[in-house]
Structure formats: structure tokens, C-alpha cells
Amino acid sequence: MKGLENLGLENIGQVFHNLSYDELLKHEKNNNEGVCTKNGTFSVDTGIFTGRSPKDKYFVKQDPSQKYIAWGKINQAISEELFEKLLVKAKKQLSNSDIYIQDAYCGASLKSRKAVRFVTQIAWQAHFVKNMFIRPKEEELSGFKPDFVVYNACKCVNEDYEKDGLNSEVFVIFNIEKNIAVIGGTWYGGEMKKGIFSMMNYWLPLENKLPMHCSANVGEKGDVALFFGLSGTGKTTLSTDPKRRLIGDDEHGWDDEGVFNFEGGCYAKCINLDPQSEPEIYGAIKQNALLENVVLKDDLSVDFNNGSKTENTRVSYPIEHILNHEPSLSAGHPSNIIFLSADAFGVLPPVSKLSKEQAMYYFLSGYTAKVAGTERGITEPVATFSACFGEVFLPLHPTVYAKLLGEKISKHNVNVYLVNTGWSGGAYGVGKRMSIKATRACINAILDGSIQNCEFENYDLFNLAVPKELAGVESKLLNPINTWEDKKAYEETKLKLAKMFIENFKRYEDVKEGAEFKLAGPAI
């Protein structure tokens with residue numbers, strides 16, 4: 001293959017370059033990398049790491065990128081010297097062996113996409129890359145020039161990590177100036193997916209384009225909707241709609257031409273997967289898909305309800321496995337943006353219409369609430385705030401992304417809504433989870449535009465515009481005060497959540513945008 005000498009590897013055995021799905025399956029079987037399930041889907045275990053290792057992620061601190069990066073717990077700095085040392089170690093691991101090289105694009109927009117080359121010793125990791133990124137056409141492969149190279153030396157660990165001042169023997173390092181990432185010590189496939197997402201979150205804003213952690217779909221009339229939300233808020237479920245084509249389920253960009261998927265596949269959670277409630281995802285698990293960390297029954301079928309290896313069981317598959325997908329992986333500018341929050345305190349309305357300033361506030365807040373682990377006997381919900389609904393993937397300051405979103409909302413006259421997929425009638429333990437039927441009715445009213453004709457009332461403290469009536473939703477559900485029996489507990493809980501929002505937003509007080517958008521939040 002062309003460009004092999006540029007990789008800096010020595011005494012390479014065979015190079016398996018851009019293998020087909022059938023070839024990859026053959027290698028996976030021959031290498032004993034996993035098991036073929038009853039229906040022909042290959043299944044692998046990712047070892048001790050069944051999720052990402054955010055504490056082991058670093059950026060090389062150097063010019064010019066160091067002046068743009070928001071350094072801290074999320075974006076940790078590493079020296080050029082230490083990067084070079086670990087890169088040499090990783091290259092040594094990848095040398096003197098057979099290697100798999102997979103070339104792919106990140107970004108469906110020809111103007112915005114990046115060409116990425118992945119180098120690994122493991123066939124299933126090449127398979128994962130083939131599923132998750134955009135597969136180049138035959139003619140594109142012949143002249144493929146990578147913008148970025150990922151060395152995945154998952155078999156290699158850094159025994160000197162304590163001496164080096166690092167968190168563990170695992171390392172995931174990005175050198176922006178050299179256009180290289182190096183991974184060591186973890187086999188988890190999601191490091192490659194989210195690693196390149198982090199890089200897109202660095203590159204695109206510098207070109208005045210917005211990278212987003214959201215799902216997207218498009219209606220028959222070409223109207224585009226974006227769904228932002230943290231894990232467990234219903235992003236994948238609600239954007240998978242038989243009446244609308246799926247653009248993508250997780251990572252998108254928004255440039256002057258519209259919205260485009262970064263990926264060519266989906267990475268869905270499998271735990272408790274039910275063919276009745278999520279038939280599209282269930283149907284996508286077939287040959288060419290790749291299962292991770294699932295438990296198999298004696299007949300080699302998947303036990304989706306078994307989380308004994310991890311709750312984070314996953315499947316990656318090419319987006320073509322979803323019948324109702326948008327083949328171009330792109331569409332025009334959004335008509336509607338929906339922020340999903342699973343509010344376990346039970347005080348956010350099922351649906352609220354946001355002003356542009358409120359959109360900035362709730363985007364920067366990135367709120368959801370998780371239900372605490374029952375093993376400690378705790379029934380109190382835990383508030384989670386993750387800027388832009390994906391803070392762990394943002395190399396730049398969150399206000400950079402918020403500012404870009406605000407400009408695009410104004411320019412394209414986009415409607416923005418906050419939808420609570422969490423609790424109603426009381427907090428977790430007292431109230432009930434919002435039914436999917438009621439949430440779908442709220443989403444449908446947003447997408448068909450009928451919510452625009454509603455009469456709205458002000459939801460005090462949060463100052464949110466809430467519809468008085470909405471087709472398909474019981475009217476008393478629309479304002480949380482009507483659903484709580486204990487009005488005193490309601491007022492106390494509402495105030496408590498408002499204070500949490502205010503406390504979290506103090507982190508933005510040192511920047512101009514923070515002081516400006518703060519006024520759109522709860523007012524005590």
C-alpha cells in the first residue's frame with residue numbers, strides 16, 4: 001500500500017488494508033477474537049475496559065493548539081517528550097507483526113470531512129472502524145491521503161505511568177499539530193469513535209462550523225430535527241421514527257449547507273433490548289454488525305437482559321442496517337431543536353418552548369438527572385450537568401459551541417424546545433416516569449408544527465413557556481404543579497432544582513456569554 005513507510009513501523013508482517021466485511025469475519029474467526037452468534041453477528045469481549053477511560057485522555061500541550069484548548073480535568077495536558085516516548089512504545093508494539101489498516105472518513109460533508117487512517121493488530125477493531133465511520137468509495141480509496149492517523153496499540157501498556165505522572169497504564173493521547181492519536185492499554189472500541197469526535201470538536205469550530213453530540217432525522221418535507229440529550233434521555237429511541245429518515249444517532253456537524261452525520265454507523269446500547277419497543281435496533285443486529293461484551297446463551301443466541309459483564313453492552317452496525325435512514329447522511333438546516341432531559345426530580349414540564357437566550361442557557365447547562373444506586377439505599381436523584389450535552393468530548397471552552405449554536409439558531413430561525421422524558425407527579429420514588437406515548441405526542445406536536453398554535457402560560461421560577469393544551473397529552477400533565485399531590489414538597493423540590501441550575505451556571509460567570517445567558521435561567 002502507498003504511504004506505509006510514513007507510519008514508522010518496522011519489520012511489518014502482512015498488511016491487511018481495507019478488508020471487506022467477509023474478509024474481516026474470516027480473520028476474526030481465524031484469530032479466535034470472539035464468537036459468531038446464532039444469527040451470524042460476530043461477538044467480542046473488550047477485556048477489563050467495557051467503557052471509555054476519560055481519566056487517561058490527554059492532549060499534547062504545544063503551540064498553536066494550546067491557546068485554544070480549555071485545559072482542566074477533561075482536557076489534560078501531556079508534554080511532547082512523553083507523547084514521543086509513548087508513541088515509540090506503541091509503534092514498537094505494532095512492529096514485527098501483521099497489521100490491519102482501515103481508511104475512513106469522518107463527516108458526510110465533502111467540505112468538512114476528515115480522512116482518518118486507523119492502524120491496529122486486531123481484526124475486530126478494523127471491523128469496528130469500518131462499521132462506525134464513513135466507508136470510502138473504491139475510487140476514493142486509491143488516492144486516500146489521511147488527515148489524521150490513529151495508532152491503536154491496545155496490547156501495549158505504560159508500566160512507568162506513576163513516574164510519568166499519569167493516571168494509569170492506559171493512555172489515549174492526541175497530538176493536534178502532528179495529526180496523530182495513540183491508544184495503549186485499552187481494547188474498548190469506543191475510544192476510536194469518541195477520540196475522532198473530540199478532534200472534530202476541535203477542528204470544526206475553528207472553521208466556524210458547529211460539531212454536535214446529538215441525533216438527527218428528516219421528515220418527508222425535508223424538515224430536519226436535532227435531538228440533544230445525555231445518556232438515558234431517549235435520544236436514540238425518539239429520533240428513530242418510522243415517519244422520518246434517520247440522518248444519524250450520535251454525532252453531527254452543522255455548516256453553511258446544513259446538517260451532516262460524522263459517522264457511517266450506529267453504536268447502540270444492547271442492555272434489555274426489546275424487539276417490540278426497539279425493532280429497528282433489534283433488526284440491525286445481523287451479519288456485519290459487531291456485538292461487544294454481551295452474554296451468549298448455550299445456543300449462541302444473545303441474552304440481552306444479562307448485564308453480568310457490564311451494563312454497557314453495545315452493538316456497532318453500518319447505518320444501512322436501519323431501513324429508514326437518509327442515504328446521503330445529510331440534510332438542510334434544522335427547523336426544530338429538542339433538548340431532552342430525564343428530570344428525576346419531577347419538576348420540569350413535559351415540553352417547554354425556549355427563547356434563543358434560554359436555548360443558550362439550557363445548552364450550556366446540559367442537564368439530566370440520574371437515579372442513584374439502590375444498593376446504598378439512596379432514593380434521591382442525582383443532578384448531572386454536562387455542557388452542550390457532551391462536555392467530555394469538548395476540547396474548547398463550552399461557550400465557543402454555544403455561541404456558534406446561537407448564531408445558527410438566529411440565522412435559520414430555528415425553534416428550540418426542552419422536553420422532559422423523566423418523572424411527573426413527584427420525584428423518583430413518588431412520581432411516575434413520563435410515558436413514551438406522552439413524550440412522543442409532545443415530539444409529534446413539535447415536528448408537525450401544531451405546538452406553534454397553542455396558547456402558552458409561564459411556568460414560574462424557571463420562566464418557561466408551557467402549552468396549556470396539546471393533542472395527545474392529558475392537559476393536567478403539561479404543568480407539573482397539577483400532577484403533584486403534595487404541593488409543599490413540589491415547591492421545595494422545584495426551588496432545590498432551580499438552585500442547582502444556578503450553582504452549576506456560576507462556572508460561566510468569568511466569561512461574557514455566561515453573564516449574559518445567566519439571565520435566561522431560573523430566577524429566585
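Cβ atoms are placed via backbone N, Cα and C, with glycine included.
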Given Swiss-Prot lists K194, H213, G229, L230, S231, G232, T233, G234, K235, T236, T237, E278, R314 for ATP, the same-site residue among T41, T399, T439: T439
Y188, K194, R314 bind substrate per Swiss-Prot; candidate in R52, R507 listed for that same site: R52
Secondary-structure category, per DSSP, in which Y188 (substrate binding site) falls: coil
Around the Cβ of H213 (Mn(2+) binding site), the count of other Cβ atoms that are within 10 Å: 24
Cα distance (Å, whole number) from G229 (ATP binding site) to R52 (substrate binding site): 19
From binding-site residues Y188, K194, D250, the one whose Cα lies nearest K235 (ATP binding site): D250
Listed binding-site residues Y188, K194, H213, R314, filtered to Cα within 10 Å of G229 (ATP binding site): H213
Mn(2+) site shell beyond K194, H213, D250, criterion: Cβ within 8 Å of Cβ centroid: K193, F197, E251, G390, F393
Env. residues of substrate site, Cβ within 8 Å of mean position of R52, Y188, K194, R314 Cβ: G51, G189, G190, E191, K193, Y267, N312
